[in-house]
Amino acid sequence: MQVTLKTLQQQTFKIDIDPEETVKALKEKIESEKGKDAFPVAGQKLIYAGKILSDDTALKEYKIDEKNFVVVMVTKPKAVTSAVPATTQQSSSPSTTTVSSSPAAAVAQAPAPTPALAPTSTPASTTPASTTASSEPAPTGATQPEKPAEKPAQTPVLTSPAPADSTPGDSSRSNLFEDATSALVTGQSYENMVTEIMSMGYEREQVIAALRASFNNPDRAVEYLLMGIPGDRESQAVVDPPPQAVSTGTPQSPAVAAAAATTTATTTTTSGGHPLEFLRNQPQFQQMRQIIQQNPSLLPALLQQIGRENPQLLQQISQHQEHFIQMLNEPVQEAGGQGGGGGGGGGGGGGGGGIAEAGSGHMNYIQVTPQEKEAIERLKALGFPEGLVIQAYFACEKNENLAANFLLQQNFDED
């Protein structure tokens, strides 16, 4: 029989296989024909008629119609991501030994093993760093020689804005952004994805709720449809936030990436847990969480901004997508806590973007120059609502062309 397979990214291909074979045999054939990197057997989930196919069951048992298709969903293995923080800590050892003899030489050598530790290897905090490295020597010792060879190209972006390094830096940031947003869909792609998932037998309302709870991540949305939306995310999937709340927090989004850029290097070296855990304590991240929960379509723009200001953070997000989405899905603090966090974000934004806050977290007023007001008016003249225009304009760092492109890509046929 010939099985038609379709990915959530709209890729379609066919596999010839005996119906007596098991589902696992089909997965192995997909891996052999499409590549182990893109379709590993362990990461494949095959879905037909709204059900996940069991590995040990024969294909004929599912009565697959050759005119229909089987959805193939690939999840990334978690073993790859868990090794990253270990190698990052381990590779700090050679940089700290260099510091003790010559601080000047450390500046040239430290970035090569690990960009995350380069800013903190020169100050007097090298002793704790070396202690951390020596506490976990054995597991990653074999991989240490390979890591320095892979990362030097990204290091100049973090440590030096020299013009000669702009080309590799831009390309690396672009690749990181593509990795971080590869699983997300917006605009017309969103509508196509809704239709695609509905063809699996689900109602439109169910699909939209699942996509909302997963921040438009189609892989996760299908999992929610199959397994059920977790209880802590159901209210977020069903309840639509008031438009005022969206426009209230969004102008502070540039401060989110800027604050993260100034804190990431020092925090990741001292954190003993997950590389992204330090974000929980950042008021700016709490505001970002509120913004994204209210308007998930802004996530790609915010990731792009983070990629420009802090490629290292974007790399961590790309390597730990599931954990990052989980953190974004966590409930936002109550009104009192939000008010305090809003004040901190407003202060940070006031220095760089001219954002001023009025009241106790209920309304934020934005100070704009006449030129910025004209740009906002021009975007409104394209036919977009003022609230969405302000969101896009500030999320795109006041870049009028980028904001216009962002707005044109969005789907405004929602509630």
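The backbone N, Cα and C atoms fix where each Cβ goes, and this holds for glycine too.
These numbers come from a predicted model, not from an experiment.
Features of the protein shown, as given by Swiss-Prot:
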type	residues	note
DOMAIN	1-79	domain 'Ubiquitin-like'
REGION	80-175	region 'Disordered'
COMPBIAS	84-143	compositional bias 'Low complexity'
MOD_RES	Thr155	phosphothreonine
MOD_RES	Ser160	phosphoserine
MOD_RES	Ser174	phosphoserine
MOD_RES	Thr186	phosphothreonine
DOMAIN	188-228	domain 'UBA 1'
MOD_RES	Ser199	phosphoserine
MOD_RES	Tyr202	phosphotyrosine
DOMAIN	274-317	domain 'STI1'
REGION	334-355	region 'Disordered'
COMPBIAS	336-355	compositional bias 'Gly residues'
DOMAIN	370-410	domain 'UBA 2'
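Secondary structure counts, DSSP: the domain 'Ubiquitin-like' (1-79) has 20 helix, 25 strand, 34 coil. Taking every recorded stretch in 188-228, 274-317, 370-410 and counting its Cβ pairs under 8 Å to the domain 'Ubiquitin-like' (1-79), the highest total belongs to 188-228. Assigned with DSSP, the residues of the domain 'UBA 1' (188-228) fall into helix, strand and coil as follows: 31 helix, 0 strand, 10 coil. Note: the domain 'STI1' (274-317) comprises 38 helix, 0 strand, 6 coil (DSSP; helix = H, G, I, strand = E, B).
Of all Cβ atoms in the shown protein chains, 19 besides its own fall within 10 Å of the Cβ of Tyr202 (phosphotyrosine). When the domain 'UBA 2' (370-410) is classified with DSSP, helix, strand and coil residues number 31 helix, 0 strand, 10 coil.
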